[in-house]
Amino acid sequence: MDCQENEYWDQWGRCVTCQRCGPGQELSKDCGYGEGGDAYCTACPPRRYKSSWGHHRCQSCITCAVINRVQKVNCTATSNAVCGDCLPRFYRKTRIGGLQDQECIPCTKQTPTSEVQCAFQLSLVEADTPTVPPQEATLVALVSSLLVVFTLAFLGLFFLYCKQFFNRHCQRGGLLQFEADKTAKEESLFPVPPSKETSAESQVSENIFQTQPLNPILEDDCSSTSGFPTQESFTMASCTSESHSHWVHSPIECTELDLQKFSSSASYTGAETLGGNTVESTGDRLELNVPFEVPSP
């Protein structure tokens with residue numbers, strides 16, 4: 001024959017009742033219908049309880065928060081949790097037989113007035129809601145309107161200031177660009193003469209020779225002769241003055257620096273008229289023959 005739901009087969013083939021465990025304990029494995037002969041008692045796992053003797057397993061504890069109720073007693077291994085009344089703004093429906101549901105549901109405007117708990121909670125909510133006096137409401141509205149007006153006015157003034165600022169800078173930039181274009185156009189139409197574009201080297205050389213003129217070496221009797229070239233005629237950018245076709249040759253003393261400046265100066269305009277001039281080197285000095293003409297008596 002077959003064993004019952006609380007029996008197992010022993011080693012002699014007989015049906016034996018499963019072991020019973022006390023409160024807070026359960027069998028380590030299911031026992032019944034001929035199986036579970038080697039099961040033993042063990043403690044209930046967390047969130048489960050067993051309040052009586054038997055071979056049945058531990059049961060799950062109830063969670064009061066899930067059913068919207070206040071928890072009065074916590075769950076233990078030997079007892080279930082105890083839930084109290086419904087949470088605020090919740091109520092339990094009453095069945096036809098007078099029994100109430102375990103779960104609480106929210107209170108709404110459609111809740112029957114017979115539910116005392118909902119009526120009490122709604123009255124508490126209405127009592128807790130503060131009423132604002134009409135004068136204070138008017139004052140709040142006025143202050144809010146003024147704040148909005150001031151904010152809009154500030155934004156408008158800021159926008160106008162930014163617009164004027166950008167326009168001023170744009171006009172100034174356009175005027176500067178126009179003047180630069182006009183100057184470039186004038187320079188392209190009226191180029192600067194090459195004679196005015198002097199280099200720094202030529203300017204320095206001219207300054208040197210203008211401040212330190214060369215004195216020609218002439219005989220005393222020749223320097224006093226009328227019609228002969230004087231010292232002013234030799235104050236040039238080189239050791240020689242401009243040559244003229246009606247002058248005769250006469251030696252003038254020049255240094256090597258004078259010849260170097262004379263050969264490299266671009267502003268000297270009489271370089272091509274030297275023609276038959278000759279340079280003689282005697283010792284540590286150089287002599288240049290410059291033609292000049294002695295006027296006839």
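Cβ coordinates are placed from backbone N, Cα and C, and glycine is handled just like the others.
Noted from Swiss-Prot: Cys107 is disulfide-bonded to Cys118, selected from Cys104, Cys118. Candidates considered were Cys44, Cys75, Cys83. The record in Swiss-Prot pairs Cys64 in a disulfide bond with Cys83. Using a 10 Å radius centred on the Cβ of Cys104 (disulfide bond) and all shown protein chains, the other Cβ atoms total 22. Take the Cα of Cys3 (disulfide bond) and measure to each of the disulfide-bonded residues Cys21, Cys44, Cys118: the nearest one is Cys21.
Looking only at the disulfide-bonded residues Cys18, Cys58, Cys61, Cys64, Cys75, the one with its C-alpha closest to Cys118 (disulfide bond) is Cys64. If you take the Cα of Cys104 (disulfide bond) and the Cα of Cys21 (disulfide bond), they are about 35 angstrom apart, rounded to a whole number. In the three-state DSSP reading, Cys118 (disulfide bond) counts as helix.
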